[in-house]
């Protein structure tokens, strides 16, 4: 039989947010990469909300950028509104969110992919993975074409056996009516991969001309816009912004929903997938929070060159007629014309426990995966995993050591560790509360944390890396100077303090002590700090935060030290848990199932007690002696 | 937590009056210096040679707790291969507890079960062949400690800790929801509200710490649970044993919906006795809770007293209870012996393993027989209590104190106007500490609380 056979270094399946980062990382690291998509026109598609970032997701984008990924740069050039969330709160929870021009976002990313060396886009559906003796050898497409490769990254998003549902209508398609991928699941199962079925949903899109904005509150972007990417010049992003609009559901909306619950596929049992709790459909909100008589609805533009608007807060899988009635009950939407119905989507994904923290399958060498395929949700979570999977696939092909980002280092580390060590039964979303060291993992210092890792991997240029080292030194020197600078109780100082509502000095203190006063900060104190060197504002910000929150930061650093000790205690891969009689049965089963690489990781598996960890430590020590003898 | 300094009683807490408190870790000499005073008051233990013994006193502040001999061993020449101090106490169980308590107050952490042995092994002090034994010891001691900690903790204390934790996690979840969805949930005016909540919780913790000081947190004695169907006479029995009108007694079946708990002494044997709601199939929600708690307490008990109403027949509910007694130390009391018997001793003896005694709570007959039965079970060793309870108490107290400190930190942060996200860091520490008392870890608690209590997301 004559079929096409091609050879390449790396195959990426899917060109959504995970696939794009994965493919770019591999190609930029010099490996020949083919990225498959069911539709070239849907590269980097945003099938749900029209924004990038948000609480903790903004952190992810910054981290992707620091590692050498594309998402931050792409949104900086295609956003239409931007906002720093939680500005009134501590620096750890400041988070950037931008409204995207969806079409532009997609178009620019496609252009980047098309013009990256070593990268080839192919429109085809991958239907099989080819595995020999536990090693990935290639993939096969629907037409029978074979692509031999040395590593493959699966980023299939919500397309595997996808099914879209509203009311009693269901279609076997991916988002936006795109073709689903119906064969790959079977090939994965045949290779021993355990699959889950998850569900998510999206609200309707409405025609801007039919919306009465006078009944809504206008939501503006920030006056001074901060870019996502550390490489973007802030001056370049000070653009004319679009507005979003806020309105509310009401009792009537809720009555309509309640009266039609029996027609909801969610409640009739037609939908079997597990949905996310943080992104409930409007019918879920009305049922679960019955005491609330209204819910927020955000009307957000989908782009500059379309009249479509996204109805944030009202995702639904109710029948079409109910949807119309329901949306029309919301102030300002009385006459809204619906362009696209809301719908729920079900899809196949994997139980991510099968992955190691490098995002490679434990049982199939050379097979990596990222994004919603791994049971996560969100563009940013997807991109973050795609990037890590891409870097590691490339490093493996090059025969270099792969990277593992840990929990004390990044949100990406928290995301991946949670996915691979915790029981995950719903689409996983990032939240700042998931990070135990969040004071250290701020969006403002993502470059200091991760650019060295990106440089080591080869994605960040020497030039950028050198600039980072300079910035780091500048910050350290300045902290040193400020902490050792004595401020006397002279007239200038006292009147400055008085003017800022701060208690006058009785004895001399250091400038650092003044920075730590809640009512003052580093920037303000410039006035009484004559010898202060000229610093870029980003460096000044670091100086301020590090001094101001020193107590808490030190505490977390100490916890991190403790954490690292346990992470560094590696568990050899050939360990036989059945050989450790003192382990409780539950712990033994869980340890066998998850195969943790370190004592630290083992300690985070539910069902493994501190006593089990002590037993493991003793066992490993005993083994070490034996090995040494 | 490896590397910190730990302390524990290293001999059995017997009434012999002599025991050793062992402190191990890099801070052990410093901690000993803080609580030790020589006769002249000048000697510093840190300056003394290794493997020497020193006479003196252990003091809590100015108060002398005990006259002691202190043995110093510098690492690696000690059991754990770490700097180790051993304090030989003479003042009996109470003094030993106080000494350990004072060491903890001054910076030592109460050792986990088996921790000295674990350290000794990890520091290369023990023979390789001992590893298996070490692992067994760690696992067994932990399981035992966890079980005894939970079962010896007074029901009321367990409930108090649980309710404080519930409040704390609610507030963390509230803060976190607001951080996650700031356009939806506002923290406007919230710090003031949180301050008063934390104030109240601190008060509650303070009272728990006070009770821990007098050892009132732990149920000392043989944990005895009274079970039976509604109106079998459980509360009346409790009242009779306690000697006062304590439980509500009416003729309406199902009156005791909560759990009543008392310490009593019968023939010199100390019992911690719990009266439970009657066990029967019920649709009343409040009563259902009582019934499920009764079952829970019975599971942890050292001894179960099953009260049967002789004037009524056995039914499905009795079958349920009898099933519960299987393999347990139990005494069956056939109450209402003064009335005409429908259920007899013989009928019960066929079904239940333990002794069956006829009594009449109303007429006060048969109680002597119950006492004799108790005595014989106790002296035969069928039922017993353990000294682990004292050590557990110190661990609990340390956790309560540190939770309270974390809450103080929250209030300080509120007072100086720190951003709200800092509050949840200290609230979480308090939540974790309190969890160690009732044997619950954090896990996915927060995420679950956020999603169940607050409507999130777009």
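Every residue gets a Cβ built from N, Cα and C, even glycine.
Feature annotations, courtesy of TrEMBL:
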type    : residues                           : note
BINDING : A:14, A:15, A:16, A:17, A:18, A:19 : FAD binding site
BINDING : A:275-289                          : NAD(+) binding site
Checklist outcome for this item: residue A:279 (NAD(+) binding site), Cβ-centred 10 Å count of other Cβ atoms over all protein chains shown, is 22
Checklist entry - Near chain B, which of the binding-site residues A:18, A:277, A:279, A:285, A:289 can you find when the cut-off is a Cβ distance under 8 Å? => result A:277, A:279, A:285, A:289
Item to check | Residue from A:277, A:279, A:283, A:285, A:287 whose C-alpha is spatially nearest that of residue A:18 (FAD binding site), among the binding-site residues | outcome: A:279
Checklist entry - How many whole Å apart are the CA atoms of residue A:17 (FAD binding site) and residue A:279 (NAD(+) binding site)? => result 19
Checklist entry - Quick one: Cα separation, residue A:16 (FAD binding site) versus residue A:279 (NAD(+) binding site), in Å? => result 20
Checklist entry - Of these binding-site residues, A:277, A:285, which scores lowest on Cβ atoms within 10 Å? => result A:277
Checklist entry - Counting other Cβ atoms within 10 Å of each Cβ, which of the binding-site residues A:15, A:18, A:287 scores lowest? => result A:287
Checklist entry - Taking the Cβ of residue A:281 (NAD(+) binding site) as centre, how many other Cβ atoms lie within 10 Å? => result 24
Checklist entry - So around the FAD site, A:14, A:15, A:16, A:17, A:18, A:19 aside, which residues have their CB within 8 A of the centroid of those CB atoms? => result A:12, A:20, A:21, A:22, A:37, A:44, A:155, A:157, A:370, A:371, A:382, A:386
Checklist entry - Using DSSP and three states only, what is residue A:285 (NAD(+) binding site)? => result helix
Item to check | Cα separation, residue A:19 (FAD binding site) to residue A:287 (NAD(+) binding site) (Å, whole number) | outcome: 36
Checklist outcome for this item: Most isolated by CB count within 10 A, of the binding-site residues A:14, A:16, A:19, A:275, is A:275
Item to check | Cβ neighbours within the same chain of residue A:289 (NAD(+) binding site) - under 8 Å, at least six residues apart | outcome: none
